[in-house]
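Right, one structure below, let's go through it.
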Amino acid sequence: NWSGSLIVASLTGAFGSSFLYGYNLSVVNAPAAYIKKFYNETWERRYGFSVDEGTLTLLWSITVSIFAIGGLVGAVIVTPIVKFFGRKRTLLLNNVFAVTAALLMSLSLLAGSFEMLILGRIIMGVDAGISLSALPMYLSEISPKEIRGSLGQVTAIFICIGVFTGQVLGLPEIFGQEPRWPYLFGAIIIPALIQVMILPFLPESPRYLLLEKHNRSKAEKAFQTFLGKDDVSHEVEEVLTESRVQRNTKLVSILNLLRTHAVRWQVITVVVTMGCYQLCGLNAIWYYTNNIFSEAGISRETIPYVTLSTGAVETVAAVFSGLVIERLGRRPLLIGGFGLMIVFFAILTVSLTLQKTVHWLPYLSIFCILAIIASFCIGPGGIPFVLTGEFFQQSQRPAAFMIAGTVNWLSNFAVGLLFPFIQSGLQTYCFLVFAAICFAGATYLFFVLPETKNKTFHEISQAFAKRNKVSLEMQEVNHYPGERKASAEQESNFTSSVDNGEAKKEIA
């Protein structure tokens, strides 16, 4: 089922999208000291005195955290963009933000303006907010249901590869030196340009072409390209069967989606999984990594190289998840990932609390860090994006991804804002807070989440019908409040709209 076009589309889409998100999460760590020095020198040149420590800390905090604010903006504006431009073209146009941000950040030192770096970070956040919704949407719509989970995990895999690449390029031998740090941000242009060169030669989402553009001929060609076969009548008919009742409807708004009883538990599940994705404590792990490595006796000069092990473990675990997700399913990996995180958070808390009394406990702490990262990437790190694409019908999907993205970025910002206070108040016991969040998430998913592997979107809706307390027929009607056409009339209008769309194309 893995055609060449499907592989190229997933890799190219992810390299210019989720890769850049992961890269920008880690790229600011290595040059932090040099960037702060740049801020101080710029301030002194402008005002004739050095910036005080509090202001410098505030400027640096803004530089790091404003990426999440940009991400929230991107998540909010993605719905009308993917509706108007389509999934593929949205990914292409999104590179304008990436290239603009890369130029601003890489030229900030030369221009002597730290404002350019901060502005570049927020623009890069907008790029990430759009791509983390548009990419999973595109991947879920171009893949056969048999490999939809594996293809969806490409998003998470490239986030991990981006984090690891940022760590590697930040080494002193590469760009982790004072005069070279702007190159770390200039490198963002390369994935963006590669995507711009390759993605135009690949088709748009066939579901988008068929259900939103009413163009059956282009949809069939897209299916043929992605599936690598000539006869795609079964796939086309499957899409039509699943989505027949929504053919004459417009894009569902967020408010309508939230009011729709037929998807109430799908929305709640997406909010829970996306919230736990950010609040489960992985950011806290990154915060503690250097301290734990230092306590284990690793020299400060060696720590950047040892830190690469975290990025490597993250990448390997994400690839492993992509390989087994269609065998084990989404549910075991997601619940199991949170369960393992609970166990290793508990061990890490004990290890950090007692590490000064037992000489070998710092090494146990290192193991726990790597185990928590691996547990996260096996399930919680990528499956929430897959589920968001699987839970909703075609016209609901943009609004669903907007809700998921908003929760994702607000949670990201909350962690950055609140974690220093949690850590200051609880010290090493702060990890118990994250263990509790993982426990709450795993418990909810155990009772609510159905298995979605190898199921059509229609079958997944059926799995939630009983919990939403609607019959399947009522569920289909409730997808679009206010529209109460008879099924036969809808089918007739559905077919004629597709045919008319094709006829107009042929006349043109």
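Using N, Cα and C of the backbone, Cβ positions are placed for all residues, glycine too.
Just so you know, TrEMBL annotations are computer predictions that nobody has curated.
Just so it is clear, the model here is predicted, and its values are computed rather than measured.
These come from TrEMBL:
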- 10-453: domain 'Major facilitator superfamily (MFS) profile' (DOMAIN)
- 58-79: transmembrane segment (TRANSMEM)
- 91-112: transmembrane segment (TRANSMEM)
- 118-139: transmembrane segment (TRANSMEM)
- 151-169: transmembrane segment (TRANSMEM)
- 181-202: transmembrane segment (TRANSMEM)
- 267-288: transmembrane segment (TRANSMEM)
- 303-325: transmembrane segment (TRANSMEM)
- 332-354: transmembrane segment (TRANSMEM)
- 360-387: transmembrane segment (TRANSMEM)
- 399-420: transmembrane segment (TRANSMEM)
- 426-449: transmembrane segment (TRANSMEM)
- 481-508: region 'Disordered' (REGION)
- 489-499: compositional bias 'Polar residues' (COMPBIAS)
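Between the transmembrane segment (151-169) and the transmembrane segment (91-112), the number of CB pairs under 8 angstroms, six or more residues apart, is fewer than three, so the stretches are not in contact. Of the two recorded stretches, the transmembrane segment (426-449) does not lie close to the transmembrane segment (118-139), with fewer than three CB pairs under 8 Å once pairs fewer than 6 apart in sequence are set aside.
Among residues of the same chain six or more beyond the transmembrane segment (91-112), those with a C-beta under 8 A of the stretch's C-beta atoms are 13, 16-17, 20, 38, 42, 45, 74, 81, 85, 119-121, 123-124, 126-127, 130-131, 134-135, 138, 181-183, 185-189, 191-193, 195-196, 199-200. Contact check: the transmembrane segment (399-420) against the transmembrane segment (118-139) gives at least three Cβ pairs closer than 8 Å, residues 6 or more apart, which meets the contact criterion. Sequence-remote contacts of a segment are chain residues at least 6 beyond its ends whose Cβ falls under 8 Å from one of its Cβ atoms, and for the transmembrane segment (58-79) they are 24-25, 28, 32, 35-36, 39, 51, 90, 97, 114, 117-118, 121-134, 251, 254, 398-399, 401-402, 404-406, 408-410, 412-413, 416-417. Restricting the average to the domain 'Major facilitator superfamily (MFS) profile' (10-453) gives a pLDDT of 88.
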